[in-house]
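K.L.:
Okay, here's the structure, questions in a sec.
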Amino acid sequence: SALHFSHLQGFDFSLYAPYQGAGGWSPLNSNKYQWLEIKLEQRTEITAIATQGRYGSSDWLTRYLLMFSDTGHNWRPYRQEDSIGAFSGNSNADSVVMYKLQQPIIAQYIRILPLHWNPNGRIGLRLEAYGCQYKSDVVSFDGSAHLLFRPDPSVSLADRDVLSMNFKTLLNSGMLVHMEEHSGHSFTLELFRGKLLLQLRKGRGSSADFHPLVSLGSLLDDQHWHHIRVERIRGLVNFTVDKNTQQFQLPESWNSFHKISFGGTSASGLQKSHSRRNFHGCLENVLYNDISVIERAEEQQLSITVSGNVSFTCPESIDVPVTFASPGSFLALPWVSGGESASVSLQFRTWNRAGLLMTFDLQHNAGTLWLYLSEARARLQIHKTGRIMTDITAGASLNDGQWHSLELAVRRGRLAVTLDRTDSSTASTSFPVAPDSQLFLGGCPDTEGGSGCRNPFSVFQGCMRLIRTDGALVDLIRVQQMLFGNFSDLQMDMCGIVDRCSPSRCEHGGRCSQSWSTFHCNCSATGYSGATCHSSIYEASCEAYKHKGNTSGFYYIDMDGSGPIKPQLIYCNMSDKAWMVIQHNNTELTKLKASSGINQHLAHFNYSADAEQIQAIITQAEYCEQELSYHCKKSRLLNTPDGAPFSWWVGRSGEAHMYWGGAVPGSQQCACGLQENCVHPEHFCNCDADSKEWLNDSGLLSHKEHLPVRALAVGDINRSGSEAAYRVGPLQCYGDNNFWNAAYFNKETSYLHFPTFHGELSADISFLFKTSSSSGVFLENLGIKDFIRIELSSPTQVLFSFDVGNGPLEVKVETASALNDERWHHVRAERNVKEASLYVDHHPGTVQKAPADGHIHLQLNSQLFVGGTASRQKGFLGCIRSLKLNGKTLDLEERAEITPGVTPGCPGHCSSYGDLCQNHGSCVEDHSGFTCDCSLSPYTGTFCHKDVSAFFKPGTSVTYTFKEPYKLNRNVSAQSSSIYSDLTLRGENVSLSFRTSQAPALLLYVSSYYREFLAVLLNRNGHLDVKYKLQHNRDAEVFRASGRNLANGQLHRVSGFFSLEKHLRSTKVTILSPDCSCGGDIEISLKTQTQLFLIAESGEVDPEIARLNALGFTGCLSVVQFNSISPLKAALLYPDTSPVIVTGALSESSCGSSLPTNPYAAETTHSLADHVGTVGTGEPIVNAINSDSALIGGVIAVVIFVSLAALAVMARFLYRRKETFQPQEPKAEKNDDSPETPFNTDPNSQSIISDNQKEYFI
């Protein structure tokens, strides 16, 4: 082998020796322009490299680049992990540092470029490379030739084909391989704009087009060897370019190829291709099913046909590129005046949209010319004394990474800029345009004192080649040897451009764009976020949405978070359970009639979610069900007990099931057979009685492994008189086994361990925790050097730390409040090739950028520790819940059951989620979550958020009777005592909402047996008045509560507190309405001295009140509450268990809702694609239409109510006196959500007499 050194610089010891020997290489001057180059006898496969410092010295390299080449020019840097270009070197002169190359180098030349060395010494190196001989068969094509190979059909394998080869070229487009099979289908492997396209064409017709199947690689026109492998196994194809592989399925079955053309194809075959040209370059070691095609071509075997000029050598084109990689890079060339004409031409490639291409001062101080990229276009300006004398642009999309030619020409006062030989812009100048003395490319040197070149534009980052001045090619090797021109921070004889979007690091369909030094992912419309579109923006279940306070509606559900399953739009029915409702194409009752010649009806059901999504939903759910019903008239179902079934249904896995809804798997029964209550006991299904009357068999299928119903076969419908109808309801599931999966760590030394976490390029970790401890490690996973850890480092700080080979990196989030408050807190950490981020609850997150060109692979090999650590003593005390790593939930409960010091599950959720219960609803603990008790609220719904409203017209009334308080006996329970304590308050809280256009109108009325009353009404001007009479021997008084017209058809909310103590009687009324600009409180004082009385049956009614009552009330009343009693809610939802008397028709309405009603409430549809509205992570699609309105709820249609226009419950007059009590029968047990909960329902407690009572009129 031969040895070359940097030519200009001398060296102290020029002996190349193995690293065990003495001596070494050390140049005279230690700077970044030195290199050590080794020429091998032939192309060699190099598998490892070892370095050592210079013997007996302080000279060694600490960091270096490894370059390789086939020609000694056009060098290519070796990259580790596709991002690391530099190798770490030695720390002393004696130790040996060896690297086994992940991908072997195949080259004849290698070069070492020192980057850093011992600061107390100089550059010093002993080097040894390891490898073996490399066998190479090559063939070159000139762009018009090709080889046609016809495989022997007797040895071809029908199920498998393998094609592998290497190629190199300087042109970015051309057809490499064209393969045809007997049916006329064909594959093509085509280089187009530097990428490889694998394409498919069906048929031989001229109209058949190529359809791209997959694209791989980028910048493949760099005159370096690239490897291709195409492997077909039946219909599955693995396509590999260099180190990247994609797999895809062929659209139909294929046979082996009967002819393969290399280097291109005939002219007619090129017409439908992208490049429309044959390949110009070299192929190497072409193997088809282990047959060497090039060897057979050289031997001129009959199976090979050569067309055109084909050579079995690979001529090398010596192009010397130069790389402008840093902000300080520039190339300065001297200029010799050539008269009135001048020209500069070059080729460049870059990813940046802006950057200086060239600049020079004009002769005779005529100004300065700047030619630069702006918005990916070439722009030329001539500046003189702050003015722009000339401004022209040319080209477009010049930041695509392709080579573009640029020519600047000046002839006889005309200036021309030409891009890619076609796009040209010209301008006329009144002064000569010629460089004065120097031409600067890519940038210009910093100057002191404000003189000389000052670049007002961005620097150019990219590659240039074929630089010509006045037609003469610039010898960049002489520039590199400092024999011509000047330069700074250039990478000579190489193009260091890297395509950071190939392969794309953007996940889940994110669109990748890039600049010279980084890439960016556009995650819009993907459903994912983050630097690489890794983390889902959606929740994993309806359960998770519910516990964020969301109500029923359509939501995107992402079952596996950052995993491969796509988000799906699903309806969440938030009742006591969070139901996920998955619709299909026919949830309506479908009727069938007898039809001659048709023995069976087969129905298939297509769901709104795909099979993978449905399986994930069912697996994760706690319970799933699907209604299956069959209505029959002389149509048998399962033909029980002894016959063959006439009907069956097909489940998720494609198997047929012979049991019906409500029965158990394998029973071949219906629900009535299981319950032994069929109409005819000798049968196991009602329909099997073959009755001429309509019967039905209905029930729920709930065996999760069999759901959903994919198809239904109905058989007994071909007889005369046979009729049937079936219904398959939507799939419904509730519960989230992952969301509540938790473990409690009660010892600092306790932990759970799991298999190694694999998150090499992207890792996201999320979990919830609660603790009273001030610190502790949540999880940790170690490698040989790498690690990842998340811990609570202090009561107000969460720390995310890791090392991927660049040194430890920490990301911290500080919170204003302590996190050890025994409330659930959410932690989300993510690490990818661009950055690391950490978020805790809704506090501002922290993002830390990854080092540029650093290590990117996280390599772990130990077990994953949760709740503890292998490297520290202090573990975590408290609860960890819903721990997900890259979208997969770890089963903490399963491990906790067999681990000492750890308990499965973790109670106590109301401390964190209790605030979700609105409008005085109370939180009730559940094993897996919580529920909201709305019994003390005028609202209903999952979170006590849904208003209860009715629309009134004259003619309907509701009377609510209040029982009086009494002294409790000693044997009355504490629960009863707490219930009745509310009735001895000295003040009354009243609230309601109303909407009306009527004035005058009576809204509220309370009366007593002693003719005292209090009324809230709208006068003839629509103003809110309070009329009261608190002593029977005094006249009524009126207080004006509002001076605005409230009879405007808008919704108004009125709340009041009435204090009616003997010495201080005051009323505080708050009115909230859309037209109220202040929303303030109105406080009135009732100064009249009054004695308080018990409220009893109404006596005579005040004449004004009676007149308003006779007018009736037309409008809406909603969410009416008197202290803890909700009379309107009781009348509408619990009329049978509440002390209410309803006269006339009364039903619930949505008139009290502040949201617009849904115009499609009564309509149904089966297509989720038809839904309209806005989808977000927090808000449902409120306008969405759904077929199953009973399950989904939708928006309740407006129903007109009629009622007496008097709502009486504004104040209750408290009066304490002894009464005579009589026993009374207890009421029936009420629903937990019933507004009657405050009243005594205990049969062992005392009751209230019935003749002393107060009434609430609606």
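Cβ coordinates are placed from backbone N, Cα and C, and glycine is handled just like the others.
All TrEMBL annotations are machine predictions without curation.
These numbers come from a predicted model, not from an experiment.
Here TrEMBL flags 1-132 as domain 'F5/8 type C'. Annotation comment: TrEMBL describes 136-314, 320-495, 741-906, 967-1151 as domain 'Laminin G'. For 497-534, 907-945, the entry in TrEMBL reads domain 'EGF-like'. As annotated by TrEMBL, domain 'Fibrinogen C-terminal' applies to 533-584. What TrEMBL lists as disulfide bond is CYS879-CYS906. Marked as transmembrane segment by TrEMBL: 1190-1215. The annotation compositional bias 'Basic and acidic residues' is assigned in TrEMBL to 1222-1233. TrEMBL lists 1222-1258 with the feature region 'Disordered'. Marked as compositional bias 'Polar residues' by TrEMBL: 1237-1251.
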K.L.:
Sequence gap of 6 or more, Cβ distance under 8 Å, 3 or more pairs: do the domain 'F5/8 type C' (1-132) and the domain 'EGF-like' (907-945) meet that?
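P.N.:
Not in contact, no.
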K.L.:
For the domain 'EGF-like' (907-945), what's the mean pLDDT in this predicted model?
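P.N.:
Reported value for the domain 'EGF-like' (907-945) is a mean pLDDT of 84.
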K.L.:
Below 8 Å between Cβ atoms, which of the listed ranges 320-495, 497-534, 741-906, 907-945 makes the most pairs with the domain 'Laminin G' (136-314)?
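P.N.:
Against the domain 'Laminin G' (136-314), the leading stretch is 497-534.
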K.L.:
Among 320-495, 741-906, 907-945, which stretch has the highest count of C-beta pairs below 8 Å with the domain 'Fibrinogen C-terminal' (533-584)?
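P.N.:
Top-ranked stretch among 320-495, 741-906, 907-945: 741-906.
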K.L.:
Work out, from DSSP, the number of helix, strand and coil residues along the domain 'EGF-like' (907-945).
P.N.:
7 helix, 11 strand, 21 coil
K.L.:
Just give the helix, strand and coil counts over the domain 'EGF-like' (497-534), going by DSSP.
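P.N.:
Output for the domain 'EGF-like' (497-534) reads 0 helix, 10 strand, 28 coil.
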K.L.:
Please list, in sequence order, the residues in the chain of CYS906 (disulfide bond) that are at least six apart in sequence and whose C-beta is under 8 Å away from its C-beta.
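P.N.:
Set apart from CYS906 (disulfide bond) by at least 6 residues yet with Cβ under 8 Å, we have ALA742, ALA743, TYR744, LYS770, CYS879, ARG881.
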K.L.:
I'd like the Cβ neighbour count for CYS879 (disulfide bond), meaning other Cβ atoms within 10 Å of its Cβ, all protein chains included.
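P.N.:
Result for CYS879 (disulfide bond): 23 other Cβ atoms within 10 Å.
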